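All remarks here apply to the structure that follows.
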C-alpha cells in the first residue's frame, strides 16, 4: 500500500514509519509512506504557506499554490488511481466500516490542514473525500492522518502476526471486544474466569461472544441498535443482562 502525506510537519510521521506495527510494515515493504511539505513549493525567501482569509476573521488559511503543487507532486509519485483525502472536521466520521473501505485502496494521499483550514477551491479541485476522526478540534490534520494510517495498515495482509487479530478487534463485527487475561492466574484475589482455563474452545468462544455483547450493551448501547443479532447472540445477550442484574442486586443488598 502507498500512502502519500501532504503536511507542513512531515517529521511527525516518523511515529508511523519508525515504530510499532506500521514501522514493521514499512520495514518489510508492505507499506510505503512518503511526505511532501507545501513549504518546499514556495518561491519567496520566507517560504510563506499561509495568508489572510477574504472577508476577514481570525486566523490564517493555507495558501492555494504551495498546497496544490505539493498535492500534484504526491499524485505524480503515486501514479494513477490514488484517492486524495482531506482530514477535516466536516468529513465523514471514521469508523471500522470506513476503515475497511479505505483499506481496499492500494494508493491514497492524505492532506493535512493547518491554521484555520484550506481554501475551499483546493477542496473542490483536488480532494476526492473528506474524513474526520471525531467531533472535536485539533491543531492540524497530522494526528487524524496517523490515526487513519494505523487503522488501515492493520488490514494489509502480512502486517499483523495473526490476521485474526484484526478480525477480532473491537468494532470488527460491530461489537466491543471481550475482556482478555494473561498470567498470573490470580492477581490480588482476582481470578481468571475458569472457562478460559478449561480448554473447551466452544465454551470459550461462547463466553467471549457473551462478554462482547454485554460490554457493548453496557458501554455503547447505540451500537446494538444497528445490528441484527443472530438467535445465539440474542440468547447470550439476554443471559448477560440477567447475570448483570443479579450482580447489581447482590451489590446493592450488601451496601
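A Cβ is built for glycine as well, from the same backbone N, Cα and C atoms used for every other residue.
Summarising the annotation, Swiss-Prot assigns S-adenosyl-L-methionine binding site to 113, 133, 134, 135, 136, 137, 138 and lists sequence analysis as the type of evidence.
Structural mapping of features recorded in Swiss-Prot.
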residue : record                               : Cβ contacts under 8 Å, 6 or more apart
113     : S-adenosyl-L-methionine binding site : 62, 86, 87, 88, 140, 141
133     : S-adenosyl-L-methionine binding site : 87, 93, 94, 143, 144, 147, 148
134     : S-adenosyl-L-methionine binding site : 93
135     : S-adenosyl-L-methionine binding site : 89, 93
136     : S-adenosyl-L-methionine binding site : none
137     : S-adenosyl-L-methionine binding site : 89
138     : S-adenosyl-L-methionine binding site : 144
Three-state secondary structure of residue 136 (S-adenosyl-L-methionine binding site) from DSSP?
coil
Determine, from DSSP, whether residue 113 (S-adenosyl-L-methionine binding site) sits in helix, strand or coil.
coil
So the record assigns 113, 133, 134, 135, 136, 137, 138 to S-adenosyl-L-methionine. If I measure every Cα pair among those residues, what is the longest distance in angstrom, as a whole number?
16
